[in-house]
Amino acid sequence: MSNESSQLAASSRLPTTTNQVKTVITDTPFVSTALEERRSRSLRARPSLSSPSMGIPSTTHPNGHATQSKGMEAISQGLRQEAVIVRREKRITEKERELKEVVESHDGLIREKFHLERFVTLLEGWNPEQAKLDNSPVFLQWKDSKHNLLNLLPDEPAISASSQAGPSRPRSSLPSRTTRRKAHEQSELLAHVVAPVAKPPAFAPSTKGKERVGDELHAKTKGKGKGLAEQSLIPSPAEGALHTKGGKRKVGDVTTDMLPPPVPDKRSRGSRRATMGAPLPQIDQNEEVGLDSQATHGGKAKRRGRISLPDLPTSKKLRTAKRASAVSSESASPVVEAPTLERLASPSPLSTPVPLPTFAHLPFPPAPHRIRKRIVGPRTIRYTDPSQRPPAPKYGGDITPIIESYVNINDTGPPPEMKTLEARAKKEGYLLARVMYLKSHGRLQRLVDEEDGSNLFSTTTTSNSHAKIIRIPPRKTDYHDTLIAHMVQVRNAMLNVAKSKPVTCKKVARMVQAYWENIEGKEERERLAEEKERRRMGKEIIKSLRKRWALAVKVVRAKILEAQKQEQDRLGKEHLQNILQRSTGLLEAQIQGSNDSGEEEGEDSTSDNTDDSEGDDETNTLLPLTSISPEPVIGDDEEDVDVHDDDDEQQGEEDTSHKEDESDASDTESDENSMSEHNQDLRFLISDDVLNEDPMSTGRFAEEDRGSSDTEQLTDNKNDGEEPKETAVQAAFDGSDDVNRLEEPHNPVSSTANIGNFALLESSSAEVSDASCPATMPILVRQSPKTCSQPRTRKVKLSTLSLSSDPDPDINDPEFKARLEDSNQDDQDEELDLEMEEADSAGRESGEGNRDSEDEGLLADADLPIEVLLRRYGYPVPEGEGAVNGEPEQSESKGREQAAPTSTVSETLPSTKLSLAQPANQTDQSLTDTALPEPRVPEQLIISGKRQRRKKEIWTPDDSEPQHLVGKKRIKKVEIVEKVEADVHQNGDGLVIVEEETMGDEDNDDSKVGQEEEDGHEYDSEEEYDEDEDEEEEGAKEDNVDWDDRQDKEGDIGPRVRQPFLLRGTLRPYQQAGLEWLASLWSNNMNGILADEMGLGKTIQTIALLGHLACDKGVWGQHLIIVPTSVILNWEMEFKKFLPGMKVLTYYGNQKERKEKRVGWHTENTWQVCITSYQIVLADQHIFRRKNWCYMILDEAHNIKNFRSQRWQTLLGFKAQRRLLLTGTPLQNNLMELWSLLYFLMPGGIGADATAVVGFANHKEFMEWFSNPMDKAIETGDAMDEETLETVAKLHTLLRPFILRRLKSEVETQLPGKFEHVVYCRLSKRQRFLYDEFMSRASTHEALTTGGYLGVMNTLMQLRKVCNHPDLFEMRPVKTSFAMDNVARDFEPSDILIRKRLLAEEDERRIDALAIGFGVAHNEAMSGWVARARQTYDASDKLPYAASPLRRGKLSAPPPKDTRSVELWLKYRVWAEEEFSKRRWESIRATNRQRCGISPIYGSTFLSLLGNLPNFLLPQDVQSRREETFADFTPPAAKFITSLPERAKSLEDVIDRFAVIPPNAVARNLATYALPGLEPISHPALTDPAFDTLHRSSVKLQIAFPDASLLQYDCGKLQKLFEMLRDLKSEGHRVLIFTQMTRVLDILEMFLSHNGHRYLRLDGSTKIEDRQVLTERFNSDSRIFVFIASSRSGGVGINLTGADTVFFYDSDWNPSMDRQCMDRAHRIGQTREVHIYRFVSSHTVEENMLRKAEQKRLLDKMVIQEGGFNNDWWGRVGWKDMFGDVPGITDVSGVVEKSGEGIIDIQVEGTPVAEDVEVTRPRAGEERELARALAEVEDEEDAQAARMAQGEGELDLQEFEEGPKAVAKRVRVFEPENSGTPVTTEAGETGDVVEEYDDEPGSVEEYMLKWVEEDWDYFSPYRA
């Protein structure tokens, strides 16, 4: 526990003498004033003086001892106990009253705040008296928690019982120990809490000098429990010490206590010194700490810390009992007012202050004893200078008169008594004595300004501190001081000499020792150096060995990489061969399908009418019963996969039974080879697990056993009633025969790929149950016309078979997951799914009872005539149904009665329809060599692109006997017959594939009749139904003939695929052929690219395809069409115009509109076709990914030519059964763009086995196979070698099944021709100068040499500007003359100007020419007789005061101006008024006389007479004054007199020709100098341009504009264009001009206006609604001669067939853009031949651009056009010749030598000329970089037009522009990979070394290489 705290606690219980001392001191006026001044300072609590020996120091006055004794006596008299008690009671009463007022005021404010916060004032109003009565618990709790003054102090912790108690306080009052620092900190905090004063934050010194006390209430300490002691010092307010034992513990007045002083900041040197900041070691802490307690309690008190002052250093004096007893009656320091612990424990202001001890108890300590060495004897002070004498004391050493004369201003009352003044003086003297005592001991150094800040915290002695307080006055040095200083210097020199000698000796000794040590350790050092050298050599050897081994590893690695490369090349070649074989097989299937369709239809039209006729609109579909799910709800993918795996096993069994039953049923084939030949044409359509399965395998028997059990189950269920029949009927309407293929996204760049995933679309029906249908029983489904026109709502479950364990391509996509989680739309979709599922389930429940009625309705429909059914379901009724080819209908009916009711599929299903899904662990072998067809073409079983036939019978389980195949002689077809026999032991699935032979035997007829008898009436109704269908088919067979025979025999025979009846309008022949090709893609499960040239109707063909699928296939969607934003509405209008039966959803708009359009998104019949844009499909990709699209169609598919774009990657992940790309330019820049399109169609890739080909080639393989060789061949321009021709042929073979491209010249015979010409134009003189000057610039040379791409493109753009027009590069300047104001006049001194101005104004003011009569000619407008008459009538003399009266004598003096009397003032006023009137009338009379006396010199009459002479000469346009005079006579010379305007007009040509060169400098304001004094602004006529005749010539000489004709003559292209436009206009042609730059359009506008041609303009700034108006106006108005447009905005989407001549002012890098511009005029609707002229500046960069464009055209010609990707190719080239020699590209031996100017014709549709020029191979992806660089360097207008065009054509293309990093990455990817080993230069050198040691067998290198090869697993991870 703290000793100081205990002593302070005990001080409150001292005798009353102590309290009296304190009270007297406090109440003394002077002392109280001093206390008030020092209340902001906190001094430590200390005892009072008890010894009178310690008085006031005598340094202030010689008589200080006498004054001190008198003051002490006065103080002693005032310290009586009675006076102290009276003053104390009075003070207590006052403080209690003040405290009560404070508490009442505080309580009132708190209550008002409570009412405001609780809004009580607003309800009841504020009443202070009523608020005082509010003592509710809520208020008391709120007041206690927030505004209780007692809570401001921290709680006092519990004091342990074991704490020691000091002699001055109880044991339980305070903690065990408190240091001075802690006590001081607590005193500071308590002082701020009890009496807060606005003080800046201060820092109190701590033990380490770095603790910051400041504003922190709880300082953190690191001592032994000091933190706890600090917290325990502050007592709890709840413990309040007001009522203590015996009432002795009282707390003094807070307001009278001295506040803690601000702690100084140690960082500020200029601040005051901290209290006790320099602790003095001479003060014994025993004296300072425990004197009071020892005196009171017998010297047994412990040391206590000081509260308000920091720690003092402990004195080194011994603390003995004797010392303690000796000073027991002494005190360390007097007590100063400060908050004590008693006050803290009892914060109540009602307590009495702690009394101060008396002087007797607390004497001053003696002065510290200092031992000083002094000079013995008296010291004589000698002054060597008068200034050294001390100054005389002020005021004569006596300040009594000054004190007596002191008067206090505040003392307004009577002067105090002498006793009161003496008491005050005693108190103040006491305080001053204490202060001086403390200063002498260094205790109050903080109150002293210290000049030297460096000694702020220094620990100096007491004498030094005292010396700083009482400074010795400065004096000058004398002789004695100099002598002492010299002695000090000599002494220092002697010491230095004494120190230097040992140092020198040590240096010498050290050198000798080093010498001997060097000799002694020489051998050891040499040994260590040798050892170090050996280690170094060993490390070098090891390093060289490692390097050698690393070299060996590199060589072996290079060999292995080379072997891997060779193996990869081999596998790649095999892969390419497999891909080519697959393409061949697919194309073979298409060709044979078309041929078979033609043959079949031809035979049908000429064969006997007794043949069974199948319907055109109903199809037979064989589906296992397990594929019909009883609950058709889209569930989890895992469940789908499990179900599908079961289907795979069952279908595998069925395929095995197909083969065996077919072998048994065939009469013409007896061995397996024959069967293999018969079925080899189905290898591309049937899975390889069926083709390659061994019939004798054990697995087959196991499956047969299971099939047998299934057959038994089927037999058992035969007698269950009509349930199987009902199931078949329901399946006929709800089933689907489509087998869908889902393509999952695949990494195109990866070298490995998964096997393609096929999905089987399973038919699901709510009415079919597993209990009533066997698991493996197949059923025949008939699809009625109702299914086509009114499709039923059904759920389709997709099961994906893939090698991947994840069937969903988006299931592992984190971005897709995040979007699904964050998307609110997905939650709505899920809710919609649940609602729709509930609706479907409810429909299924309600439909269970209506099943029988529906079946009866279907059977009733079978009895209706075919005409009624056709009308009911929307089919047109054909004419001529009764007979075909002249045969009666009865014969046909008779033949149908003889036909067997077999289950026949007349049209072979597509590849995936008949193919059974292969297991996930098997590899597709359908495209291997063993699966390829033989060269011999057997009778085909594939009918591709033909309409499906209607099944005429439905099989029922009532058939107990096996069905036999009967029929007439027709082409062989595949018939799938359901065979149910109980005793069949070969297989049990009942599926037999047999070949239908010639029909004519009686046995077959008999068997058929027997079968009909068993079937009963059901077959009768079906036969009647089929008769009507046969009639319809016979009527339609007239149009169904072979497509190839149409061109040779009849031109009006119907197509294979009929035009959908929902399609309005008639397709053109080539459009019908395109529809058939698209239908064949669907039938063969293929994707394709419709790449017809622009203007051939790709949109209508696509719409027709969707109509065909809906009408003929029953596939209504849903389809997704992605188009550019600008043509969304165009597609919608095309659908409404040609196919209004399809429900179309145009998905566009903002987010809210799209959300509204997604209402019913999952409802099947809400819409069938969704049309959206590329931008929206990316924004809502998470919505589109979730749907399984039937057909995904991409318009303008070249938008996905970049496989790195987000658009390509996003669309690749969509689920779609089929994909179709529409583009007019499938190949624009390079082959890799074509690869992007093809890979998008076939994203399968390569599997683990190179022979398992299920998809397309990856990026690297395609580049190595095709891109690199063909690019090299195109760029070199040499003749095609055999290898290149073979590569081209392979590429054609690869692309032919997937691309259909027709040119307008091929399909539109009536379309006029198109001819292209290149016009070479010479550069003008100015163009050549600018071109050469730009090329010779250093900056241009630097840009070309450094190779910076942007710099090169900027150079290219500037050169193109020069070639187009020099004004684009540098405008002709408008020349003006240099003109400025007079410089000398502007710089004249201001004072001269001021003087001139003042003088001018003075002259004008003083001199008035008119007033003095100097205006001689001013009155010439007046007539003479008027002036004379005016003088006659002058009446000036008649005015008042005109005649002055005669006066005699002197004039009377004027009266004086006297204001003292009224009479004199009135007299003066009368006189003044009279004088003023006289002067006024005199002025009026003089003015009147002057005005009446004015007269002209000649007069207007005389001048008019002289001006009207009849003989003067004037111009004819001047109006004469006397017209009657001129009518009499006109001078003969008058016509030669011209006016000034006429003269200026006649000289306009001369002025225009010669006033063209303005002078270099001209002078201004010549009129001012020529006519000084004439201000033009005062005469408006002078500023009128009509008045200024020389205005035109002056302006021509001031500014010179370029001549308008220079616009044409400065440019060679415009000169040529002027000539050609003149000729074309005379011949009646109309012109279309395209350019890339918007500024060129401005120049063309000026050019056309200058030459008088009418034109229209269209650029990027033209609004979309105005474009259609412009095009229609140009096409309809033949007066408009020219239409100018930018190629970027006018090249897409407009029709300009009114023009027959197209000019390309500049060429584009991409030739496909120019072709699009050409097609604006050369399209359907053009009636004249179209000529295209391309302007090229000779000997410029444009020639190289044209050459590069020709290379791209050549590449497109070789790859696309010569490939023959059209329908005619099938007729020209047989399918056997697909691998034959393909005619190569014609080699052009020579190139026409271009002259400087001329026109060269180019064969537009032929092969472009490959010029033999040396051109470096362009970087891959150059076109995109080029377009971006051109956009950066071209003009702002062109860039703006390009952006707007891009937004119209490709609205969202700019979002997928790749940055520089992506471009650099793309360049690295596109760089051709080296075919050699990737060995560095060092590896190459190693190869030479190996060859060098080849002649030495067994060399080290061979050994190392052999070792590395043998143990390659160990060396493979090693890297040098």
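Including glycine, each Cβ sits where the backbone N, Cα and C put it.
Looking at 1063-1066, 1195-1198, 1267-1270, 1395-1398, the stretch flagged in Swiss-Prot as motif 'DEAH box' turns out to be 1195-1198. Neighbour density around each Cβ, counted as other Cβ atoms within 10 Å, peaks among the binding-site residues Asp1092, Glu1093 at Asp1092.
Those same-chain residues not listed among Asp1092, Glu1093, Met1094, Gly1095, Leu1096, Gly1097, Lys1098, Thr1099 yet with C-beta within 8 angstroms of the centroid of the ATP site C-beta atoms are Gly1224.
In sequence order, Tyr1070, Gln1071, Arg1302, Lys1304, Val1307, Glu1308, Ile1724 make up the list of same-chain residues 6 or more apart from Leu1096 (ATP binding site) whose Cβ falls under 8 Å from its Cβ. There are 19 other Cβ atoms within 10 Å of the Cβ belonging to Thr1099 (ATP binding site). Compared over the binding-site residues Met1094, Gly1095, Gly1097, Lys1098, the count of CB atoms lying within 10 A of a residue's CB peaks at Lys1098. Residue counts for the domain 'HSA' (467-540) under DSSP, helix first, then strand, then coil, are 64 helix, 0 strand, 10 coil. The DSSP breakdown of the motif 'DEAH box' (1195-1198) into helical (H, G, I), extended (E, B) and coil residues amounts to 2 helix, 1 strand, 1 coil.
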